[in-house]
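Data first, discussion second: the structure below is written as structure tokens.
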């Protein structure tokens, strides 16, 4: 016991005595700061490991500060030289104070306490108003204030993940108990329920997460929750915050950071836990932005549990509206933790009316009545006995509903799961009405281990970019939902339409976007997932029913083409095998590139293709006339991405893709063609002079047989189809770019056609109107080649004039 001079406490005792006589118990101070004030009055130190309280108790006429806990005696010496300046500053002042105290006590009927008394008993105790017993204060092994700041601002992008982390910890505690109970059955005891329960107290602003798991002893509590970082140095926090080490995020999960996410939403966190190896229940308490925590014995009956752990969150004011709403808590549990192996219950606070017997308020029944039993054993009220009236009180209770009834179907063996179960899981998980087109269920082992269940949806997303926004792939770590917000980290963008789940045991729970981008594990997972998807597509393509793949390609063919347009895609060849196109020989059913190559003519130079808006417009295009004459097959690129896909593929099985609408296309380079070019070179130069800079040049065509002329694109120019695509883009119509593309076009003429021969005669004779004829030929070639005329209205006027002139000639001929 520590002895103190009574006179050094007079400054504290006097107002208490003056106001407190007549009370059995009065608290002087209930905060730690009050104890610090007391500490300034006493020369010897006072322990600040827990708040201390001073209480007045008048016993047997003497003044005591006592509630029956710790105590010390003070010897009062009249001539003591140790006078505290805070207590009065001098002996005369102290003596006067002591006398005043003595007189106050004497006047109240107590025995006087004079300055000559030999001793007085004074107790410094905890008040019995707070029920918590004394606790021990510990310092964290790391700078918790800075680390908590790191948690709030860096590790977690959404505050709601605290619930995922705490529920995951609870699940781990249950798993550990289940494992240990196999060899130590006594750990379970009579309480065999293994579950997690979540409830809230709106009045107190408290959210409680309780599990019946292994719990912790006092030493385990201090060790587990007091260690945030192994080093405990500022360098650790600085390195993690600046993310200098590429593997720094791998430390997450080994230092209790997941538990400390509770401070994202809480001002104060308490962990009340009881281990089956201990006969006492202990509480760990910590306040945000503090460098220490307190461990004490649990005495609050609301949190007494036979075994397990309760995490008690004292929510911040701005968090109460969200996380005291049990409907939102239910949604979060279903989102993040619905596939955990132990049941999770969410409690809703309700009230009910309960009858209690109020003996004091019993009513007198009729005089002479008493209770007796009739022949059946029922009581009857007889004269002479009073019957207590029933009393109804309102009682609050919690009604618990299980929220994770869904089972992780992907953890089962594929041989044990029926097709109907796969479809039901898909519909429920993604809120779909259509059944999936196909699915694959697999697990991988080796460098990386994970399980996955991937679906091909029943139909494509409505919008062009809808698939990328739908968050179709759900990543789980040990059945705990981590994220569904990916941008090519797990699946390449061209597989964004796929839906499913991926569950890995190799990733930490705190998976950040940076970790996904840099992790070797994630790269291996992406590679294997992509391979499995392509295996599934090939299985659909080889299905016995051709309609299966036709349906798949109608919905998702554009995604495969998008994948082929990525030149760094290692799976480009496999994707090319899955492509399908209409062709000049397959105008009703699509053909594959593999089939096209197999049907190629001997000596054919490459894979010929032509881009157009439809099969009908493509098959009548003048570009294909010579190809038809030679019975060569031409692929029709009728979709927006078709031409882009061919441009990026460049080759398929050693055969080059050749655009028949480009200037570089050439079927034969024989002497006859050279002779025609020399013979009509003057006509070509004359036409180019008439048209000016609107075209690059005029030349004799190698591809026409029935049409008079055609307008082809330059080597690096846009085709007609690509020009339409670029015009439709927000940034495609760059000023000056369209004019440049026009200037690369080449007008090709067919010298065997009557129109060209007549135009050559007009050139030679100098017939008037020849310029108008050349311009009309150019604009007609624009239309027949798929381009848009520069002046559609002017072109229409010329057609009308031409029709009118023809009608006038016919009338004159009739009159003649």
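The backbone N, Cα and C atoms fix where each Cβ goes, and this holds for glycine too.
All annotation found in TrEMBL is predicted automatically rather than curated by experts.
The feature region 'Disordered' is assigned by TrEMBL to 83-121 (among others).
Sequence annotations record features per position, and here TrEMBL assigns ATP binding site to 165, 169, 211, 216, 231, 232, 309, 513.
TrEMBL lists 359-387 (among others) with the feature region 'Disordered'.
Contacts of residue 216 (ATP binding site) defined by a Cβ separation under 8 A and a same-chain sequence distance of 6+ are given as 224, 273, 275, 282, 309, in order along the sequence. Taking the Cβ of residue 165 (ATP binding site) as centre and 10 Å as the limit, one finds 22 other Cβ atoms among all the protein chains shown. Taking a C-beta cut-off of under 8 Å and a sequence gap of six or more, residue 169 (ATP binding site) has these contacts in its own chain: 258, 259, 311. Least packed by the Cβ count within 10 Å, out of the binding-site residues 211, 309, is 309.
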